[in-house]
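For reference, the structure is listed below as structure tokens.
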Amino acid sequence: MYNLWFNRVHIKGAIKPKICIVGAGPAGFYAAQHLSKKLEKSEIDILEKLPVPFGLVRFGVAPDHPEVKNVINTFTKTAQHPNVKYYGNISFGKDVFLQDLQRFYHVVLLTYGAEEYRKLNIPGEEFHNVIPARKIVGWYNGVPTDKDLNLNLDGERMIIFGQGNVAIDVARILLSPIDQLKKTDITEYALEKISQSKVKKIYLVGRRGPLQAAYTIKELREMLKLKGCQTIWRNEDFSALTSEILGTLARPKKRITELMISSLQQETKLQPELNFFSPIFFRSPLEILGEQKAEKVILGVNRLVGNDILTQKAQLTDKTEDLECDSIVTSIGYKGVQVDPSVPFDNQQGIVKNTDGKISTGLYTTGWLGTGPVGVILTTMSNAFSVAERIVKDINVDNLLESNKKGYGGVQEIVNKNNIPVVNWQDWEKIDKHEVDKGKIIGKPREKLVTIKDMLEVANS
Amino acid sequence: MAFNILRTGHRIGKILNVKSAIHSTQRVLTVGQPVLNKKEVEVTFVKANGDRLKAKGKVGDSLLDVVINSNLDLDGFGACEGTLTCSTCHLICSQETYDSLPNKPSEEELDMLDLAYELTDTSRLGCQIILTEDMDGLTVKVPATINDARS
Ligand SMILES: Cc1cc2nc3c(=O)[nH]c(=O)nc-3n(C[C@H](O)[C@H](O)[C@H](O)COP(=O)(O)OP(=O)(O)OC[C@H]3O[C@@H](n4cnc5c(N)ncnc54)[C@H](O)[C@@H]3O)c2cc1C
Ligand code: FES
């Protein structure tokens, strides 16, 4: 009797948890790291839409910030863990669907990020010289679908709407001395075009005030120290910031606000030979005007309402102001995409509906898809670890290992039937080596392949 | 920025050294000779769950080096490999320890600390604390968010 019972438990315990992670960005890799560490026996498969891994670490993080990309070393170790497998060039919602994955795996974890950008939704946004920051980032970083972006850098004045780190990244890349970019892994075509760029003045326009600006202090300091570039603030934007208010701020907010104020106070006079970077606060774009292209923006003047000074909201007054420009970049945030209609989705927020990472039994999300596009890699890491920990606990609590499952075998049947060439980790290593070798010839850490076709060719070589 | 780049180069060099140091230590051990002449100091890392991890480091190592060389179980620690771009090496000192550390945090270190969870007035980044002989017995706290997932 005892033996029989023991055996049953034993058999049940012998079922290996099979976990599918969808999306090979930081969220996917950090979750895989934690799961492979906590579950002694497991099969953890990471499916990725593109042939190449690392998500925004490869395609978002600015080329002149190579240190940030050191996380790739840890991701690589995770990918080489015996229980972790990488399968690139499989698109969720197109090649495989949620139903399939739930049939093949005990746990499905969606980490496919937030790829859509938010629009201003104002008249004139359709002009060809109004471009989402996300596409510019994709263009200089070699995203296959952005490589042909028709970016016109022939005019001097650019307005960027949005005051986050992505907005600053774009401004910095466009205003940096070209010699500083040459040694990075920026795509060669972007380098070429930026070296001919006439962009000299960039306005960084935000709806709210200095206290609500989303950029972080490191990125701001970098801008203030940028060679050949002057940062110009508008005095009146800081008039409400009394030393009394400063005294109430927590250290991080206080330090960044003090940095802005000290830069404002240091300001010398305009030097026309220098590039010019100018944050403008309390303005909302109302309409973009021009003949064939955007030439001018009507900005509504905002005031802030609400009791808590850090979370005050912008409210339009009836005053407006014109700002002339040669091009416009929008950088007001991202949102996730549903991709597969059976994924419970909050279209308003652009995230998968979830409670602390759990969508439903055996189905989870983490990273920007679950939290929204906020924070840095540290934020994503911390969230991924906590959702992974929850999965480990739920495997027992929710009885997720009732029956054996096919795992990747099931996915393989589908991709084989549809002749989808899958890129595994060894294939990626070939692509990686190819890119690094190509970069060496021209003195760069890497020259990226920018078409899926080229990536697959090298993978198959 | 120039400062940062310099620093980065320095750190990368350091990490490479660390690897070769591991090798030479292993080699030395097999021959049974005394390990390198640099003095060793002991550091204790206290995890949020109370676990105390003791490790030895050489004078001149950073606390990040100590964590890596001793393979301490601190998930996600040192994501940017000591290049001052991540704040995953956040450590909390007692006031007394904080005051006794020979190098005060640089502006760049404070900038990264400002992004850390559970920031305190006695927080430091482990990759920026370089061991000296006086630091033997150093005890630092590792904030919860990094090694124990929040739930
Ligand atoms: C421009 C930019 C610059 C940034 N710079 C920094 C920085 O310097 N430092 C920092 O700490 N943080 C930075 N961040 C933030 C950081 O990139 C994010 O915190 C992090 O990448 C979020 O990770 P994720 O895995 O959720 O999403 P992602 O990194 O977006 O990963 C999602 C992955 O899923 C894949 N995918 C998408 N759709 C599908 C599908 N249908 N099927 C299968 N796979 C799919 C994608 O190809 C991608 O590989 C930056 C972000 C941006 C946008
Ligand atoms: S390891 Fe990244 S800041 Fe210290």
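Every residue, even glycine, has its Cβ placed from backbone N, Cα and C.
These figures come from a predicted structure and were not determined experimentally.
Per TrEMBL, these features apply:
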BINDING   A:ALA27, A:GLU48, A:LEU56, A:TRP368, A:GLY375, A:VAL376, A:ILE377  FAD binding site
BINDING   A:GLN163, A:GLY164, A:ASN165, A:VAL166, A:ARG207, A:ARG208, A:GLU219, A:GLY375  NADP(+) binding site
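Under DSSP, A:GLY164 (NADP(+) binding site) is assigned to coil, being neither helix nor strand in the three-state scheme. With A:ALA27, A:GLU48, A:LEU56, A:TRP368, A:GLY375, A:VAL376, A:ILE377 listed as the residues that bind FAD, the site has a largest C-alpha separation of 22 Å. Once Cβ contacts within 10 Å are tallied over all protein chains shown, the binding-site residues A:GLY164, A:GLY375 are led by A:GLY164. The Cβ of A:TRP368 (FAD binding site) has 29 neighbouring Cβ atoms from other residues within 10 Å, across all protein chains displayed. A:ARG207 (NADP(+) binding site) falls within neither a helix nor a strand when secondary structure is assigned with DSSP, and so counts as coil. Listed in sequence order, the binding-site residues among A:ALA27, A:GLN163, A:GLY164, A:VAL166, A:VAL376 whose CB lies under 6 angstroms from an atom of ligand 1 come out as A:ALA27, A:VAL166, A:VAL376. Among the binding-site residues A:GLN163, A:GLU219, A:VAL376, A:ILE377, the ones with a Cβ under 8 Å from a Cβ of chain B are A:VAL376, A:ILE377.
Comparing CA positions across the binding-site residues A:ALA27, A:VAL376, A:ILE377, the one lying closest to A:ASN165 (NADP(+) binding site) turns out to be A:VAL376. Residues listed for NADP(+), A:GLN163, A:GLY164, A:ASN165, A:VAL166, A:ARG207, A:ARG208, A:GLU219, A:GLY375, cover a largest CA to CA span of 20 Å. Of all the binding-site residues in the record (A:ALA27, A:VAL376, A:ILE377), the one with the smallest CA separation from A:GLY164 (NADP(+) binding site) is A:VAL376.
Nearest Cα neighbour of A:GLN163 (NADP(+) binding site) among the listed binding-site residues (A:ALA27, A:GLU48, A:TRP368, A:GLY375, A:ILE377): A:GLY375. Put plainly, the binding-site residues A:GLN163, A:ASN165 were compared by Cβ crowding within 10 Å, and the winner is A:GLN163.
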